[in-house]
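Below is one structure, written out as C-alpha cells, with a few remarks after it.
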Amino acid sequence: MVSKLISSEEISTIIGASLGSFGALMIIIIFIYFKEYKIFYRKLVFVLSIYDFFQSITYLLPGFSNKIICEIQFYLIAIFGTTPLFWAATISVISYLKVVKEFNDKKSNKIYKWIHLFLLILIIILIVIATYFHDFNSPKTYWCSSTTKISVIIIFSFVWIYVIICLIFYILTMIRLRKLIKLISKGYSLSKKHQTDQIWIQLRMSLIPLIEIIVTIPITIRRIREIINSSFSEIMALDIISSLLICSQGFWDFWIFIIFDPEIRSKLKNCRSYSYSKYYQENPFGLDFFDPKNDKDLYSIKDSEEKNRIREIINPSVSEILSLDILSSLLLCSQGFWDFWIFIIFDPEIRSKLKNCSSSKKYQEVDLVDFQNEEELRMENNF
C-alpha cells in the first residue's frame with residue numbers, strides 16, 4: 001500500500017523520464033539496426049543516448065520512504081545525472097575542433113578514447129566526494145525527503161561546469177558556422193571538410209549542448225534558490241517544469257537525430273516499404289508466387305541506376321500497397337454486386353419480366369379493389 005499520494009512533481013518526473021527513456025531507447029535500437037554507430041558523429045549520439053536512457057531509468061526509481069532505494073538512487077543520480085551533460089560538453093568541444101581547427105576523424109577518435117578514461121576518473125571522484133559529504137541518516141535524493149545544501153553543491157557543481165563548457169563552445173562553434181554559411185551563400189568554394197553536408201551535420205550536433213542548457217536551466221534556478229534561501233518556498237510551475245525537462249533529454253535527441261535527420265528517416269521509410277513489398281512478393285495471396293531472388297537476369301544487371309529503377313517497379317511504396325489492399329478487399333467480396341448489375345439490370349429480358357411482373361401485380365391489386373367495391377354496392381341494393 002502506498003503511504004502517500006503521488007505529487008504533481010513526481011508525475012511530471014514520471015512523464016519526462018518515460019519520454020526520455022523511450023526516445024533514447026529508440027535511438028539505440030535504430031542506430032544498432034542500421035549500424036549508424038560506426039559513423040563518428042553518430043557514435044557520439046549513440047553513447048549519449050545510452051547515458052540518457054540510464055538517467056531516465058534512474059529518475060523512474062520509486063524512492064518513497066524506502067531508505068535503501070533512496071541511497072541507491074543517490075549514487076545513480078550522482079553518476080547518470082551528470083554523465084549526459086558531460087558527454088554533451090564533450091560533443092560541443094569536438095564540434096568546435098572539427099569546425100574551427102578542422103580535426104579529422106582519426107584525431108577525433110584519439111580524443112574519444114581519452115574522454116572515456118577521463119569520464120571514468122570523474123565518476124570515481126564524484127562518488128567518493130558524494131559519499132564523504134552525504135548524510136546516511138536520512139534519504140537525500142531527488143524523490144526522497146529534502147536535500148542538504150552540501151549535497152546540492154557537490155552534485156550540481158559538476159552539472160554547472162558542464163553547462164558553462166557547453167555554452168562557451170556552442171557560441172564559438174555557431175560563430176564559425178555562421179561565417180561558413182555566409183561564404184557558401186556568396187558562392188565561395190570551401191574545403192572538403194567544410195562542405196555543405198558537413199556544416200549541416202555540425203549544426204545538428206550543436207543542438208545537443210543547446211538542448212542540455214535549456215533542460216538544465218529550470219533545475220539550476222531551483223537549486224540556486226534552495227542554496228541561497230534556507231526557508232525555500234517551492235514554486236509549483238518551476239518544480240513541474242524542472243522535473244519534466246531534466247530527465248527527458250533522450251526524447252529531444254530522438255526528434256533531432258531520428259525524426260529530423262533526412263538520412264535516417266529515408267532508411268526507415270525504405271525499410272518499411274521493403275518489408276511490405278517483400279511480404280507481397282513472397283505471398284501475394286498466401287501462396288509462393290514470385291521471388292525476385294530467383295530471377296538471375298535481374299541481379300546480373302551491372303548498371304546500378306537500372307537496378308534501382310527495376311527495384312522501384314518491383315517494390316511498390318507503402319501507400320501503393322495499402323491502397324491495393326483496400327481495393328482488393330473491396331473487389332474480392334463484392335462479386336455478387338457486379339453479377340447483379342450484369343445479369344439483372346443490364347439483361348433486357350429479365351428487366352422486361354420484372355417490369356411486367358410489377359405492372360401485372362399493380363393491375364391485380366386494382367381489379368381486386370374494384371371487385372370489392374362492386375360487392376359492397378350489390379349488398380347495399382339488396383337491403
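Residue numbering: from 1, along the chain as shown.
Using N, Cα and C of the backbone, Cβ positions are placed for all residues, glycine too.
According to TrEMBL:
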DOMAIN    9-261  domain 'G-protein coupled receptors family 2 profile 2'
TRANSMEM  12-32  transmembrane segment
TRANSMEM  44-62  transmembrane segment
TRANSMEM  74-99  transmembrane segment
TRANSMEM  111-133  transmembrane segment
TRANSMEM  153-178  transmembrane segment
TRANSMEM  199-220  transmembrane segment
TRANSMEM  240-260  transmembrane segment
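Long-range contacts of the transmembrane segment (44-62) within its own chain (CB-CB distance under 8 A, at least 6 residues past either end) are made by residues 13-14, 16-18, 20-21, 23-25, 27-28, 31, 36-37, 69, 72-73, 76-77, 80-81, 83-84, 87-88, 90-91, 94, 112, 142-143, 205, 208, 246-250, 253, 257. When Cβ-Cβ distances below 8 Å are used as the criterion, the transmembrane segment (12-32) is approached by residues 6, 42, 45-46, 49-50, 52-53, 55-57, 59-60, 142-143, 239-241, 243-255, 257-258, 264, 268 of the same chain, each at least six residues removed from its ends. Long-range contacts of the transmembrane segment (199-220) within the same chain, counting only residues at least 6 positions beyond its ends with a Cβ under 8 Å from a Cβ of the stretch, are 41, 44-45, 48, 84-85, 88-89, 91-92, 95, 98-99, 156, 159-160, 162-163, 166-167, 169-170, 173-174, 177, 180-181, 184, 238, 241-242, 245-246, 248-249, 252-253, 256-257, 260-261. For the transmembrane segment (111-133), the list of distant contacts is 40, 43-44, 74-75, 78-79, 82-83, 86-87, 90, 94, 97, 103, 150-151, 154-155, 158: same-chain residues at least six beyond its ends, Cβ to Cβ under 8 Å.
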